[in-house]
């Protein structure tokens, strides 16, 4: 009698491994397992007959003859890794597991070797297929061996068509249950369903304030809004929330659009909150007439204390007529009386949620607006403006970082009070990094205090700052998308994002040589060129497409002093890209004499040295490293960041580099062999050399430029 495998198409982790195992069995022993699909979020992911536990191993055990091609202990090890580690949504842990799998697949076609896949491959492939975070990782070849192996198995119809089988079965199930009128399903890496989202009707928005440069937190918000708009075949609005003329500049607005363009984000519309100043003014008048808002001239500090203590303002019961006069005549015209007042929403001054304690919704500001000039003397606050403009522009889903969660009730109250349509809110966690400030106010303070050069300083978490440090657009985008719309608030290490970047730059970064504190070595022997000799060598040994570079060979060379200090007389060392030499003498001035031994075995030498010919062709360079701007991983609410400033955050090292750097242009990324990755930031000028910024490589010992 055949067994029955029941797969839950709506399980948080779809049982692809079990499904594929059953398809393998049926391919070799037809009709051995009947495959049934259910559409029930509460049902187990998989069930074999009546068993809901350890279903994959039950299938492979029952049909052991089919899956008997691998060491049982090894199979169990990889099945365990698949079921416990490859399905998790924590990027840091998932990345470690993928690296383990990638290492195992090095020089192997399948996980356990051999010419055919085993149960280990089925379990791991199925786990990756079910994990939404893995889609972009595999597509972008973050782990090369894993991507190659995954693609190979995907070409097998038993694997590759598993998703189509699942989708078609689910569709048939829905048709038979007469639920075809529900929203169309969509492929989503983030495994969430937006409430009341309808295919083709979803509208999201990214609303940056033009008061600073785009930082990584903004990049996540922008990419998530773009993702869901595209996933539901909807629209994305890029809206500048320009309601505070004291902070905003057209310069910031232009830079935000440029950075979004670099990230591949283009809105279907670009709008401005200032486009709706008249509408928001009218809505405020409506609220006052409805008795839902009042003008208040209570001094700022006293108002703050009253809100904290749940005390009603003395102005809370002003008449509608008095409130209208102050708002439409005094505040609107910026008179002396108007400047003393603000408008507050009349919600609940005793509310447990303190954001509902009569928040301010309009203020006077005489600073000319960068778009509307001096037309307006009053401006809506963020909390009043956003729900109104969202409703006017047709936004269906407002994605906001989780620190706004307490304000969600306020957002909904504004829409209800003004009788505007409902907009759904979806919270997600902002990206936080250790020893990093994302507050625009704090970043501006550092700019004003000359602690950094500007908003594009390589120590800043702005998109421009990290790009100047050497972050690629592809690396940044892949990292942000890998985080998904998680609501878990965590402080990430910078090595995570730089590890993504390394995957992008390592295969294509030309290899160059830089020498610090050069020590001379004179080479003896007939093989040592008496005159400088140039040969063309590949810039990247593993990627000929990167091109060629000039390497000068000569009897006199220089090496790093750190290298010279650890090698001894009579020791054989390897000069990279040349051959072995035997040190025959160390002079009092530190220089050395060596004899070429090009027939020597480089595998037997302890030290492999980078070197340059000691000629006039060497190029002076400045290698710049950076540390974090603050010394503490995470600041508490009562701690001031000024008390935790890192004393020194910029470090310069003089060096000489090979002549090929003269062909570089600003922004080029290279690797100085045995030193790391670098981005060219400045060309020689006014006697200053080429300036290269270090690019962190993702190792925990070198967190975002922190000195070792």
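Every residue gets a Cβ built from N, Cα and C, even glycine.
Swiss-Prot assigns the feature motif ''KMSKS' region' to one of the listed ranges (427-431, 432-436, 437-441, 442-446), namely 437-441. Looking up 185, 300, 605 in Swiss-Prot shows the phosphothreonine annotation sitting on 300. Annotated ATP-binding residues in Swiss-Prot are 403, 437, 438, 439, 440, 441, and among 215, 628, 652 the one listed with them is 215.
For the pair formed by residue 386 (L-glutamate binding site) and residue 440 (ATP binding site), distance between Cα atoms is given as 19 Å, rounded to the nearest Å.
With a cut-off of 8 Å between CB atoms and residues at least 6 apart in sequence, the same chain places 280, 284, 345, 361, 362, 414 near residue 384 (L-glutamate binding site), listed in sequence order. A straight line from the CA of residue 382 (L-glutamate binding site) to the CA of residue 438 (ATP binding site) spans 19 Å.
For the recorded site, residue 215 (ATP binding site), the DSSP three-state label reads strand. For the pair residue 437 (ATP binding site) and residue 207 (L-glutamate binding site), the Cα-Cα distance reads 20 Å. Across the residues of the motif ''KMSKS' region' (437-441), the predicted structure has a mean pLDDT of 86. Taking Cα separation as the measure, residue 438 (ATP binding site) is nearest to 207 of the recorded positions 205, 207, 300.
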